[in-house]
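Novice: Quick one: the structure is below, and I'll ask about it shortly.
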């Protein structure tokens, strides 16, 4: 009996895998494979042998073909795909090089020295080396001894230095250190007032200043691991019901995911993490897939802390452009990060030596049954009959988590049968805190830059600004951006007792300046429409941007971090498509000066009406820490939505069939 059950289980798993993953030929937008990373490394190393050159790979990613080339191939997918090429950013003998490597020709077809401002993405290896260097530095060891700390319990982590008006810069990092000794929650026990700078090219400490000794926050109550908790405990939560073995609601053909009425291409990148391309939705009346998104990803994440003191002022981080969302993505945990039935996908990036680094289970794909209603209605006024229809909300979610320092970012892309796409982000992890000599707020007599969340522990105020690159192709490439204002009007007919109502006024943005918007100032709606496609009643087909809560920068416009993060000046931007304009903070973000940002591109004020355009949306959070954020932060969620608006002739879910519900115990209908 046991062997029969085992055989049945194996067959069901085989059926599941065969139905979920389908082998297909390469796609022009496929991320680089491990063998391609190895080939790039070989080609570059042959051109610059290590015996003559000091060479590090800072970034290697797909150099995607121009959009017309991809679209041409898509129209004839049986033809040979365009050449596979890689964009490579190197540090070569203390210079930044930008290469294009043609994988089919096995050669470097472009090699340019970058001599502008800023430096490429940092590698994980050089950051680790900088942190390790501190633990061998004699003045630092003396500082640890002076504080009565055990150096074996000290952990050091590098921080970017930013740019503050210096005419000349060099590649360097600050190093901040923390004390364990009774906890693994290192960020809650900072060793304060030690300022240490490491030169990355020479890999040596170039500046050191032990200003003073601050109190060390206690380890007690900071460890979040279950084994370290003591009574009284919180409630034990119920597990979700398992997904029946052998059932999966979607297919993965190579890197193309198909589910319900959606189809999209999924990629992975060291800098931005998940990359979504060619998202199209099936229209049964037209009997074809219709374009919605050509390419989408998180372009940049800006996190400025609000402590202007000498040891803290530089903590203004660009998590994509300096550190890499993909590089700091983590493996997901089944059933806790992703529900039963989720399918996991690996990711790869190039290490400092150019060799592929695997992140197992870096993304998961799953069908979400939220318990919400997709739609429902009861005809309550028809007394002689009972008419009630309801459909449960079922969606497809792609998830990744990036842990950059103390923060964990849960990134969701959610596709709905209605045609909507929801973009979600969850902020969790642990606070970045400053050690101060206070145990009660009554003791604070001077300005502090956060909240006293525990004894000797100030949770520092800070922001998070995520910029999304949304290259929309709504039913085709030529689109326009329309602002719809909701305007109050007075009733002119004196016979009517009403005095006012509201109506709409539409304005099509002609240039980039017309489309730069700060949200929350007035009642507005925002649409990307295809002016060349109309519904039967004559409406332009389109998609509406439904923003989340509006937040904008509070730093002064002339402050150096804000100059570098000028993409946060507006929540909404629209630019004409340009393959090179994809990272809102610029190409070389480390110590950048704000001369290659979304703001600079948009200042050209190019035409955007009835053209191939890109929508950029900046979502922000202002975080004033509280005690509930200590010692770990419950997830704070935000997001926005793209929703079809006159895209279909009628509701896309009108004819959606209700699912075949399983007969669960204790769940009955009368």
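Placement of Cβ uses the backbone N, Cα and C atoms for every residue, glycine included.
Found this in TrEMBL, in case it helps:
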- 1-24: signal peptide (SIGNAL)
- 27-113: domain 'Copper amine oxidase N2-terminal' (DOMAIN)
- 120-213: domain 'Copper amine oxidase N3-terminal' (DOMAIN)
- 215-247: region 'Disordered' (REGION)
- 245-651: domain 'Copper amine oxidase catalytic' (DOMAIN)
- 319: active site, proton acceptor (ACT_SITE)
- 407: 2',4',5'-topaquinone (MOD_RES)
Novice: Below 8 Å Cβ to Cβ and six or more residues apart, same chain only. Which residues does that give for residue 407 (2',4',5'-topaquinone)?
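Specialist: Sequence-distant Cβ neighbours: 303, 427, 428, 429, 464.
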Novice: Counting by DSSP secondary structure, give me helix, strand and coil numbers for the domain 'Copper amine oxidase N3-terminal' (120-213).
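Specialist: Secondary-structure breakdown of the domain 'Copper amine oxidase N3-terminal' (120-213): 26 helix, 29 strand, 39 coil.
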Novice: Can you count the other CB atoms that lie within 10 A of the CB of residue 319 (active site, proton acceptor)?
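Specialist: Within a 10 Å radius of the Cβ of residue 319 (active site, proton acceptor) lie 24 other Cβ atoms.
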Novice: Just to confirm my parser: what is the rounded mean pLDDT across the domain 'Copper amine oxidase catalytic' (245-651)?
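Specialist: When the pLDDT values over the domain 'Copper amine oxidase catalytic' (245-651) are averaged, the result is 96.
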